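Everything on this sheet refers to the single structure shown next.
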Amino acid sequence: MGMRMMFTVFLLVVLATTVVSFTSDRAFDGRNAAASDKASDLISLAVRGCCSHPACSVNNPYFCGGKR
């Protein structure tokens, strides 16, 4: 194999590695965003549950629609 051919193979390997790394990173970011949305939903459910109890809503007026 000549030097030019070896260099071409090297470039192809680097390109393939970059493409695989980039696509797997984007998929990972999507999973993180989904987990973050799920956490936000759980937090909002917990806050709504707190607001339905008078003692909790008095202690957390900012979350339950009251003035701070």
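Backbone N, Cα and C define each Cβ position, glycine as well.
Pulled from Swiss-Prot, these are the features on record:
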type     : residues    : note
DISULFID : Cys50-Cys56 : disulfide bond
DISULFID : Cys51-Cys64 : disulfide bond
MOD_RES  : Cys64       : cysteine amide
SIGNAL   : 1-21        : signal peptide
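All features noted in Swiss-Prot, drawn onto the structure.
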residue	record	CB count, 10 Å
Cys50	disulfide bond	15
Cys51	disulfide bond	16
Cys56	disulfide bond	14
Cys64	disulfide bond	17
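Counting in whole angstrom, Cys56 (disulfide bond) lies 9 from Cys64 (disulfide bond) by their C-alpha atoms. You'll find the Cα of Cys64 (disulfide bond) roughly 8 Å from the Cα of Cys50 (disulfide bond).
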